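J.: Pasting the relevant annotations from Swiss-Prot:
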BINDING   Gly13, Pro14, Thr15, Ala16, Ser17, Gly18, Lys19, Thr20  ATP binding site
BINDING   Thr15, Ala16, Ser17, Gly18, Lys19, Thr20  substrate binding site
REGION    38-41  region 'Interaction with substrate tRNA'
REGION    162-166  region 'Interaction with substrate tRNA'
REGION    243-248  region 'Interaction with substrate tRNA'
REGION    276-283  region 'Interaction with substrate tRNA'
SITE      Thr104  site 'Interaction with substrate tRNA'
SITE      Arg126  site 'Interaction with substrate tRNA'
Amino acid sequence: MTDKLPLALFLMGPTASGKTELAIRLRQRYPVEIISVDSALIYKDMNIGTAKPDERELSLAPHRLIDILDPSESYSAADFRRDALQAMDDIVAEGKIPLLVGGTMLYYKALLEGLSPLPAANPEIRQQIEQEALTKGWSVLHDELKEIDPVSAARIHPNDPQRLSRALEVFRISGKTLTELTQTKGDSLPYRVKQFAIAPKDRAELHRRIELRFDKMMEAGFEEEMKALYARKDLHPDLPSIRCVGYRQMWEYLDGDCTRDEAVFRGICATRQLAKRQITWLRSWNDLTWLDSDNIEQALETMSEAIASD
């Protein structure tokens with residue numbers, strides 16, 4: 001049955017690992033169309049700090065699901081799954097192969113496994129929880145979560161109000177715990193997927209790449225890009241767009257919480273932490289072929305062979 005399903009390619013990897021270069025090279029060789037799997041690239045006017053493909057790169061290889069939202073908007077894994085499935089269907093209808101490229105592992109997971117039937121956010125209940133936090137403190141609410149959902153409470157730190165609030169909200173809306181609901185899987189992906197991950201073999205090399213890229217972003221005008229966002233006055237640090245690595249730290253600088261140099265240092269450190277989390281995800285991933293960032297030609301041949309042999 002799976003042999004009759006259309007082929008899709010996943011090209012995953014930590015930030016600054018060379019995914020975009022490899023994807024563009026692959027598109028020049030095969031009838032693939034790129035879908036971005038990146039929770040930062042979805043935002044308009046956030047080009048430099050996200051290392052978004054530039055005009056030349058996009059002319060060589062258009063990317064779907066970039067520049068689709070204003071930074072004031074939110075976008076969930078469910079939104080991504082819906083949009084990615086539509087894009088994949090469109091690509092297959094054109095007789096081409098979907099190539100999904102990026103490092104937002106939660107999006108890949110949602111696409112592969114489907115989504116748990118979690119209730120939509122309820123502003124009234126969320127506001128009620130925030131009010132309780134103001135009067136009682138988040139530690140008391142964390143104790144409440146321990147009583148109803150000890151598994152989630154063990155994973156969520158008392159100083160993580162966003163995740164703590166969501167866990168309580170889910171229970172109050174549905175009467176079921178976050179743990180119960182997340183163990184219920186949705187629809188699996190109706191494609192034959194070949195999965196690849198690219199990264200340098202040496203972690204120090206990845207750190208060097210991250211620092212170099214951040215420095216280049218600053219030279220390219222990241223501070224000016226951030227100032228334009230800051231000046232809008234309708235954005236704030238709790239938005240997913242401003243929580244993106246680099247943007248959060250530059251916002252702190254513009255808010256007067258740190259110096260420019262401190263913001264750059266914090267941004268580099270945060271990007272390294274992101275890369276570490278991405279690699280941790282990938283090491284636990286099944287059916288994955290690893291590629292070496294330091295040998296793009298070999299990586300290209302490996303992916304080419306996978307397509308040609310299909």
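Including glycine, each Cβ sits where the backbone N, Cα and C put it.
These numbers come from a predicted model, not from an experiment.
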J.: Can you tell me which of 38-41, 162-166, 276-283 gets the most C-beta pairs within less than 8 Å of the region 'Interaction with substrate tRNA' (243-248)?
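T.: The stretch I would name here is 38-41.
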J.: Under a criterion of Cβ-Cβ distance under 8 Å and sequence separation of at least 6, what residues of the same chain contact Gly13 (ATP binding site)?
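T.: When sequence neighbours closer than 6 are ignored, Gly13 (ATP binding site) has Lys19, Gly103, Ala197, Ile198, Ala199, Gln278, Leu282, Leu291, Ser293 within Cβ distance under 8 Å.
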J.: Measure from the CA atom of Thr104 (site 'Interaction with substrate tRNA') to the CA atom of Thr15 (ATP binding site) and give the result in Å, rounded to a whole number.
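T.: Cα-Cα, rounded: 10 Å.
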J.: Are there any residues at least 6 positions away along the chain from Pro14 (ATP binding site) with a Cβ closer than 8 Å to its Cβ? List them or say none.
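T.: Spatial neighbours, sequence-distant, of Pro14 (ATP binding site): Gly103, Ala199, Leu206, Leu274, Ala275, Lys276, Gln278, Ile279, Leu282.
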J.: Take the region 'Interaction with substrate tRNA' (276-283) and count its residues per DSSP category (helix H/G/I, strand E/B, coil), listing them in that order.
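T.: Going through the region 'Interaction with substrate tRNA' (276-283) residue by residue, I get 8 helix, 0 strand, 0 coil.
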J.: An 8 Å radius from the center of the Thr15, Ala16, Ser17, Gly18, Lys19, Thr20 Cβ atoms defines the neighbourhood of the substrate site; name the other residues of that chain inside it, in order.
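T.: Not counting the recorded site residues, we get Gly13, Pro14, Glu21, Gly103, Ile198, Arg209, Ser293.
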J.: Could you break down the residues of the region 'Interaction with substrate tRNA' (38-41) into DSSP helix, strand and coil, giving a count for each?
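T.: Per-class counts: 0 helix, 0 strand, 4 coil.
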J.: Hey, how far is Ser17 (ATP binding site) from Thr104 (site 'Interaction with substrate tRNA'), Cα to Cα, in Å?
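T.: Taking the Cα atoms only, Ser17 (ATP binding site) lies 13 Å from Thr104 (site 'Interaction with substrate tRNA').
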J.: List, in sequence order, the residues of the same chain other than Gly13, Pro14, Thr15, Ala16, Ser17, Gly18, Lys19, Thr20 whose Cβ lies within 8 Å of the centroid of the Cβ atoms of the recorded ATP site.
T.: Gly103, Ile198, Ala199, Ser293
J.: Name the residues of the same chain, 6+ apart in sequence, whose Cβ is under 8 Å from the Cβ of Ala16 (ATP binding site)?
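T.: Long-range Cβ contacts: Ala51, Leu206, Arg209, Ile210, Arg213, Thr271, Ala275.
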J.: Specify the count of other C-beta atoms within 10 Å of the C-beta of Gly18 (ATP binding site).
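T.: There are 21 of them.
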J.: For Thr104 (site 'Interaction with substrate tRNA'), what residues in its own chain, 6 or more apart in sequence, show a Cβ-Cβ distance under 8 Å?
T.: Val37, Asp38, Ser39, Phe80
J.: Measure the Cβ-based neighbour count of Lys19 (ATP binding site), defined as the other Cβ atoms within 10 Å of its Cβ.
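T.: Summing over all protein chains shown, Lys19 (ATP binding site) has 26 other Cβ atoms within 10 Å.
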